[in-house]
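Engineer: TrEMBL feature annotations, pasted as is:
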{"type": "DOMAIN", "residues": "6-138", "note": "domain 'EamA'"}
{"type": "TRANSMEM", "residues": "35-57", "note": "transmembrane segment"}
{"type": "TRANSMEM", "residues": "69-88", "note": "transmembrane segment"}
{"type": "TRANSMEM", "residues": "94-115", "note": "transmembrane segment"}
{"type": "TRANSMEM", "residues": "122-139", "note": "transmembrane segment"}
{"type": "TRANSMEM", "residues": "145-167", "note": "transmembrane segment"}
{"type": "TRANSMEM", "residues": "174-193", "note": "transmembrane segment"}
{"type": "TRANSMEM", "residues": "205-223", "note": "transmembrane segment"}
Amino acid sequence: MTRHAKGLLLTAIGGVALSFDIPMIKLGGGDAWSAMAVRAGSAFIAALLIKQIAQWLTGRTITLLPGRIGVVIAALYGLTVVAFVIAVKNTSAANVAFIIAFTPAFTAMTAWTFLGERPSRATLLTIAVMVLAVGIIVSDGLQAGSLFGDACAMAAALLIAAVITLSRAAKADVGFAPMIGGIVPTVLGLAVLGWLGEPVRVDNAAWHVFNGMVLLPIAYWCLATGPRYISAPEVSMFYLLETVLAPVWRRARPC
């Protein structure tokens with residue numbers, strides 16, 4: 001298997017795993033801050049457990065974050081989650097989905113500008129088709145939502161583009177970075193709940209924990225590792241599988 005094929009396979013697996021995120025959040029229920037804290041906190045704990053198990057099995061020391069660049073990437077992943085949750089809370093889901101669909105375009109621009117990776121015509125055409133397709137999918141729900149919510153969705157898209165580009169530039173193993181970055185939304189979620197005087201309250205914590213301990217580690221590790229093998233714009237396109245497949249999973253089992 002070529003490096004490019006390996007990268008495509010990894011990111012495809014990650015994109016499919018990530019597509020279950022929204023259905024899992026719906027099944028788990030609860031307010032946004034509680035769900036964010038339990039979900040991201042579970043992913044953070046999963047990273048620590050996976051590291052210990054991997055070290056025990058291989059006998060090698062495993063580094064969670066490769067230096068300062070790893071810390072920056074982890075922090076950006078954490079901020080992406082925060083921006084996404086705030087966007088969902090302040091504008092329509094259709095608006096969020098449509099704005100996030102521009103992530104590949106932003107990634108192509110940042111990778112071209114900072115890494116000199118000029119996207120191929122095929123990649124640019126695919127990006128345009130995907131944006132159009134997502135627009136058609138969510139067209140019925142698009143509305144004049146909150147400017148603040150739309151801005152947060154735009155911030156999430158830009159942050160994803162930045163983190164993919166940085167991961168590509170780092171050329172290091174940053175597979176654990178998204179999970180470690182979960183400490184940011186976890187602390188923020190708990191802080192907001194504490195400020196509001198509210199407890200962590202979800203309808204079914206098992207779904208959030210399963211999501212954070214199993215699905216998200218698979219999704220995050222594959223998507224974070226992908227930039228080592230394929231271009232940044234190619235990686236970003238697989239994030240859109242969540243927009244396309246999440247509604248399918250929700251129809252298969254109503255949340």
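Going from the start of the chain as shown, residues are counted 1 onward.
Even glycines carry a Cβ here, placed using N, Cα and C.
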Engineer: Other than its close neighbours in sequence, what residues sit by the transmembrane segment (145-167), given a CB gap under 8 Å and a spacing of at least six beyond its ends?
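Structural biologist: For the transmembrane segment (145-167), the nonlocal Cβ contacts are 69, 72-73, 76-77, 79-80, 83-84, 86-92, 95-96, 99-100, 102-103, 106-107, 109-111, 114-115, 174, 177, 224, 227-228, 232, 235-236, 239.
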Engineer: Where does the mean pLDDT land for the domain 'EamA' (6-138)?
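Structural biologist: Reported value for the domain 'EamA' (6-138) is a mean pLDDT of 86.
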Engineer: For the transmembrane segment (35-57) and the transmembrane segment (174-193), check the count of CB pairs under 8 Å (sequence separation 6 or more) and say whether it reaches 3 or more.
Structural biologist: yes
Engineer: Which stretch from 94-115, 174-193, 205-223 shares the most C-beta pairs under 8 Å with the transmembrane segment (69-88)?
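Structural biologist: Stretch with maximum Cβ contacts: 174-193.
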Engineer: Quick check for me: are there 3+ Cβ pairs below 8 Å between the transmembrane segment (174-193) and the transmembrane segment (205-223), leaving out pairs under 6 residues apart?
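Structural biologist: Since 3 or more Cβ pairs under 8 Å link them, the transmembrane segment (174-193) and the transmembrane segment (205-223) do come into contact.
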